[in-house]
Ligand SMILES: CC(=O)CC(=O)SCCNC(=O)CCNC(=O)[C@H](O)C(C)(C)COP(=O)(O)OP(=O)(O)OC[C@H]1O[C@@H](n2cnc3c(N)ncnc32)[C@H](O)[C@@H]1OP(=O)(O)O
Ligand SMILES: NC(=O)C1=CN([C@@H]2O[C@H](COP(=O)(O)OP(=O)(O)OC[C@H]3O[C@@H](n4cnc5c(N)ncnc54)[C@H](OP(=O)(O)O)[C@@H]3O)[C@@H](O)[C@H]2O)C=CC1
């Protein structure tokens, strides 16, 4: 099946990045969210990121204008009815995602492929609540989407080969690399990455190091581009906690128990960069550790 128009649900940091790369690859994009403010912020963010790519010679100025022209926004989920592929990138909560698919389904063409950018939730379970489990799969981008090379492709138990092939062709057209992962909690990247981040929070909680020493240790001692606490703030602490809960519930092993300090930050609404405060405070000129 030929994909030309892509619907993106959720205009947060991932939805915004997905719309950006799809438009640059000449797909028409229809981006939706529950708030107009989120849609406006996403368009502004995409324009800013494209401008940076133009200034660094990564994108031609004319391509930037054309890409922005290919992105339309709407508050009405039903407008996504005419798209060929839908990528859901709303909040990492199963009930939110299920409600979106339920509301969207009656408006979709029968052949439309439904996908989720979920970081951890069972693709098979999400698919089973839709009218098209064979045309449903996991389409998992990494953050920041315009920079990261990998896309994890996750088949649910019922996903058919034409659906996988169509999604694979989109990844190829983006110039990114696909990795196939089986449908188990956290798939590949987050099964490995998130326990490391959670362990960094335990290291902080137990006083083994402070925020700065933990991040510095992993940057200078293990050559990670960002320290684990800086990365957690970048991903979003609510998303990190949601992923740990999926690993803990789905694999029933205490090694995945979320650190109580991570829970406390989320309860405080200190979700990282997106709320200006997490393991660092971003409200000043330089990020300042909060512990
Ligand atoms: C939670 C999940 O489900 C899965 C996940 O995504 S886990 C998270 C995975 N991501 C990571 O681990 C990211 C780790 N961090 C990094 O790789 C790097 O710190 C980083 C790429 C984010 C930034 O790199 P940096 O060297 O510190 O910063 P900076 O020089 O500003 O940026 C590097 C490049 O990225 C570009 N960039 C950064 N953010 C961007 C964005 N949002 N859009 C477009 N370009 C962006 C910059 O323009 C720059 O481009 P050039 O190389 O052409 O100059
Ligand atoms: N952050 C990361 O590094 C990565 C995240 N992901 C996954 O991508 C998804 C999105 O994450 P991310 O972009 O970081 O999250 P954000 O919190 O940045 O964005 C989520 C967006 O979805 C919106 N939203 C919530 N409910 C609905 C709804 N019913 N319909 C439409 N939009 C809705 C939110 O609006 P509001 O704020 O008003 O609630 C918000 O704008 C999650 O599943 C996450 O696990 C995948 C890879 C990496």
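Each Cβ is built from the backbone N, Cα and C atoms, and glycine gets one as well.
All annotation found in TrEMBL is predicted automatically rather than curated by experts.
Among the candidates 143, 223, 245, the one that TrEMBL lists alongside 10, 11, 12, 13, 14, 15, 33, 92, 97, 119, 274 as binding NAD(+) is 143.
Ranking the binding-site residues 10, 12 by how many Cβ atoms sit within 10 Å of each one's Cβ puts 10 at the top. Under the DSSP three-state reduction, residue 140 (site 'Important for catalytic activity') is assigned to strand.
Summarising the environment of residue 33 (NAD(+) binding site), the number of other Cβ atoms within 10 Å of its Cβ, over all protein chains shown, is 24.
For ligand 1, the neighbouring binding-site residues among 10, 12, 14, 143 are 143, by Cβ distance under 6 Å. Max Cα-Cα distance over the annotated NAD(+) binders (10, 11, 12, 13, 14, 15, 33, 92, 97, 119, 143, 274) is 20 Å. Residue 140 (site 'Important for catalytic activity') and residue 14 (NAD(+) binding site) are 10 Å apart (CA-CA, integer value).
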